[in-house]
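Q: I have a structure here, written as structure tokens, and I will follow up with some questions on it.
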Amino acid sequence: MEETQIKNQMHAKSILGKNDVCHESEDDTKKASFACDICAKSFQIRSSLIRHKKSLHTDSEPYLCDTCDKTFSTNQCLLNHKRVHARAKLHHCDTCGKTFSQNSHLLIHVRFHTGEKPYRCDICGKAFSISGHLTKHIRVHTGEKPYHCDICEKTFSDSSSYTKHKRIHSGEKPYRCDVCGKAFSANDYLSKHIRIHTGEKPYRCDICGSAFSVRSSLSKHKRIHTGERPYRCDICDSIFSTSLSLSRHQRIHRGEKPYQCDICGKAFSQNSNLSSHKRIHSGKKPYRCNFCGKAFTRNAYLLNHKRTHTGEKPYHCDICDKVFSQQGNLFAHKRLHERDAVTV
């Protein structure tokens, strides 16, 4: 009789212990406890407890939390426990709904929507949303490059650029897209790529409302409105709005035409020009106006044409506020101001 009572008491304690695990609270997970919840054996370090449970209690606690390595006797207990971790990550952006595990990360993210840049360079006045970006920027002025590649001896001003560079040598691409499987050497490259699948365009032009998936595309786009062309050819002084446009232009001076038509042999300095040229042979005009049905060989031609229907004039003169539907017309107009300035 006495032996039966002891067994029943042990069984009751076992059930009670498991129920306690199933109904753990967020506060419970915060306690630094290293006692085994199955046999009550204690350990000084958490890794010893994990090894103990995996070696002795695998059959009784087969459900493992992949966040904190805690084990459970049933899948339902594991699911209940995982909700504790999920609740700890509920820092939502009110603007775009993105979720963060830490409130400090949310505050930094919100600055991308508000445009707030509280960290300012004392040398040139440029402002930044993150203090780490200011630290990197200051090295532009000081010339400091403390990170040195021991393979090619190239130096870098910040650790992230150095880490990305090392993967060129190693070929490592640790960041993989869950949608298409494409791999990337840096997390920011993956983030930009994922927006192709989601269609997210968080960077919006405050002049015309056009939206973009990456900030650099927005910066390039804004030059359409301002007419800014910061890239100058050192041979002929022609100026361009993007570094890529300058690189393409410089092929004219070098006589470089790497893109050749496999039908007639004609060569081009730009791949886009080759693609447009090949449509002469095929007769293909894939870009069609949804207003009048007229078709074009290039998307740029279609966009210019559609402005005759919409009346849109996105090119703005920063001298006299006159607006134009074509960028070429804006450039021609600004030359009038330049001639007037020379005459005066």
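The backbone N, Cα and C atoms fix where each Cβ goes, glycine too.
Those TrEMBL annotations? Automatic predictions, nothing curated.
Among the features that TrEMBL reports, domain 'C2H2-type' is placed at 34-62, 63-90, 91-118, 119-146, 147-174, 175-202, 203-230, 231-258, 259-286, 287-314, 315-342.
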Q: Apart from its near flanks, which chain residues at least 6 from the ends of the domain 'C2H2-type' (203-230) lie with a Cβ under 8 angstroms of it?
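A: For the domain 'C2H2-type' (203-230), the nonlocal Cβ contacts are 192, 195-196, 239-242, 314-318, 327, 330-331, 334.
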Q: Should anything in the same chain at least six residues away from the domain 'C2H2-type' (91-118) have a Cβ under 8 Å from its Cβ atoms, list it; otherwise answer none.
A: 127-130, 200, 202
